[in-house]
Structures are given as C-alpha cells and as structure tokens.
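What follows is one structure encoded as structure tokens, with my remarks underneath.
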Amino acid sequence: MRKRTEPVALEHERCAAAGSSSSGSAAAALDADCRLKQNLRLTGTGAAEPRCAADAGMKRALGRRKGLWLRLRKILFCVLGLYIAIPFLIKLCPGIQAKLIFLNFVRVPYFIDLKKPQDQGLNHTCNYYLQPEEDVTIGVWHTVPAVWWKNAQGKDQMWYEDALASSHAIILYLHGNAGTRGGDHRVELYKVLSSLGYHVVTFDYRGWGDSVGTPSERGMTYDALHVFDWIKARSGDNPVYIWGHSLGTGVATNLVRRLCERETPPDALILESPFTNIREEAKSHPFSVIYRYFPGFDWFFLDPITSSGIKFANDENVKHISCPLLILHAEDDPVVPFQLGRKLYSIAAPARSFRDFKVQFVPFHSDLGYRHKYIYKSPELPRILREFLGKSEPEHQH
C-alpha cells in the first residue's frame, strides 16, 4: 500500500509543479503582453504629439496671413479712397492749389533770423523793410559788391541806400516758391553776383518769410514793382537788371511787361529755369505724375488754378517785353522741364517786341548736374553774364 501511495503522491507533486510552471509562464506572457501594449500606446502618443503641434502651427500661420491680408486690403482701400477724394477736394477748395503753387508756408532753412543776413555769410548785406501797400510789409536784403565788404562793416541803412547810386549795376532778384530770401542756393547766387561787382537786391513777397500779407499773383507783382521803383529812385543812371528764378520768372515777366507798357523797362531780363505758363508747369510738375492720366485732370487740377487768379503767363508776357532777354536752363531740371524753357525761347525770339533787342538761350548739359537750382555753380556763368550784359546789338542765339 505504501508503494502505490508514493507514486500517486509523486504524480500529484509533478502535476502541481507542472501546474505551477504553467501558471507562471502564463503570468509572464500576460505581463509581457501588457508591457508591449503600454509601449505601443506610448509610441502612438509620441508620434501624434508632433502632428498635433504641426497642425496648430499651420493654423496660427494661416491666421496671421489672413489677418495681414485683411489689414493690407484695408490700407489699399483707404489709399484708393484718398486718391479718388483728393481731386474732388481740390476742385471744391481751389485755395488748396494756390497754397501748393506758392508753398510760402514752407520755410527752409528753419530757425534763421532774416534780420541778420550776416549769419548766412552775407557780411556786406543790410536788412530792411518796405511797405508796398497798407497792411503789407516786405523784408528786403541789399548786398553791395564784394569789393566793398570792408567798407560796409557797421554801416546803417542810409549808407546802403546811397551806395545804389555808385557806378555798379544792380540786379533785382525774384525768388521762386517755398523758402525765403535766405534759402541756401539763393544766398550762394547772391555771393556769386556780388563777387562780379553787382549790387543784389532781393526780398520776400507778402506771405513769405518775415513779410506780412496774403500771397497772390497780383500782390507778388505789385511787391516787385514797388521794390523796382524804390531802387530806381536811388540808383540814378545805373543799369538795373531783373533776375527771376522758377516761379519768380512769372513775377519777373509780369513786372517787366508792366514796366515796358509804362515805358520804363529794365536794362535786361534774366530768366532762370522758366516755364511757359503755370498750367503747363503744373501739368509737367513731378507732383502731378500720379494724376496726369486721371479722367478730367484739367478740370480737377488746372481749372482751380485759373479760378484762383493764378496765370503767370510767361508765354504771353514775352510778346510785350522790349528789353534784352537771357534764358538759363539746365537739361536735367526735374521741377520745370527743360523743354518748357526752350519753348518759351522759341516764342520770344521771333516776337516783334524783341526785334531791337537780343534774345539768348543758354542750356546747361545734364552731365553738369545743375538741376533746378544750382546753375550758380557753373564756372561759365560769370562769362555768360559779362558777355550778355556787355552787348547792346540785336542778336538771337542759342
């Protein structure tokens, strides 16, 4: 009995051991399977996170682009609206065009004392004020010939006025729009002319610089006439030449036409960078480029100029001028196109009023870079003036 029992016990032990072994293997397999699934979940999560981040980044970028495009569209619509509104605004308010032509509110250089021309290197210049009309006062500079600069030190206005009766010729300079009589390029021209032995008298029109009054073509012309008469009353038989630059050429031809009509013409007229008339100049000006082909350009932009009483008709005035005429123009002038100066010459040269006087056109090559206001730099300018102002016989040349 003991022998039979022992095998049975051993068999049970083997079965238990086998069962235990089987159970451990299953547990191990189950544990391995759990770890594998966990690893797979972790791996899947790690791959999904970059994809989600990329999607979010793309959405943000698209949002920024959309916002930028909306802002850009808004800006474009505003610019377009302004572009369309400006012509109507100018048509309804012609005074805007007048301000853009005169630009008297632009005072360059800033922070200079016009009462002290010596601060601009003009140490032989006197500042004083004249009154062309009631409630109108204009500031004037009188620069004597450079050879007198030592004698001029400390002298008063009376000395300068008496000096006009000396044997030196006088140039009345009429500046263009914007700035004052103290503008840098203007001061440099005064110095050149003074070094050549001329008196230079210049002034700011009413509404410019420290001059009092409201700008207008009539007012500017009257101011110039008043200064001319003031000079003639003190200069005796000395030659008086009138020099106009840019917009000042319009004032100059207005003045000289009036002087010729009253039979008191100047000894010569010099026009630097002139135009034919203000309508053609406005149409050719760089500011008009963006509107030049705008429907109704003349009606919107040019007619308001005329309705404001602004013409500056050089092309008409030269037909009534009887004195020598010199025209100076740089080929690279970006403000008053060179062809307008040449066109003015072609109108003046055959005019009957000039049949007894010389008319000369002097171009300056674009390579020289004199542009609109630097002709004073030309080393040829002294010779040109000396030869032109020294001649008296009728002559047309260019």
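All residue numbers here begin at 1 and follow the chain in the order shown.
Using N, Cα and C of the backbone, Cβ positions are placed for all residues, glycine too.
Feature annotation from Swiss-Prot assigns topological domain 'Cytoplasmic' to 1-74; the stated evidence is similarity to another entry. What Swiss-Prot lists as transmembrane segment is 75-95. The topological domain 'Extracellular' annotation in Swiss-Prot covers 96-398 and is backed by similarity to another entry. Here Swiss-Prot flags Asn123 as N-linked glycosylation site. Here Swiss-Prot flags Ser246 as active site, nucleophile. Marked as active site, charge relay system by Swiss-Prot: Asp333, His372.
Known features from Swiss-Prot, placed on the structure.
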| residue | record | DSSP (3 states) |
| --- | --- | --- |
| Asn123 | N-linked glycosylation site | coil |
| Ser246 | active site, nucleophile | coil |
| Asp333 | active site, charge relay system | coil |
| His372 | active site, charge relay system | coil |
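Taking only the Cα positions, the spacing between Asp333 (active site, charge relay system) and Ser246 (active site, nucleophile) is 11 angstrom. Long-range Cβ contacts of Asn123 (N-linked glycosylation site) within its own chain (separation 6+, distance under 8 Å): Trp149, Ala152, Gln153. Taking a C-beta cut-off of under 8 angstroms and a sequence separation of 6 or more, His372 (active site, charge relay system) has the following same-chain neighbours: Ser246, Ser273, Ala330, Asp333, Pro334, Val335, Val336. Averaged across the topological domain 'Extracellular' (96-398), pLDDT in this predicted model comes to 94. Around the Cβ of Ser246 (active site, nucleophile), 22 further Cβ atoms fall within 10 Å across all displayed protein chains. Using a 10 Å radius centred on the Cβ of Asp333 (active site, charge relay system) and all shown protein chains, the other Cβ atoms total 23.
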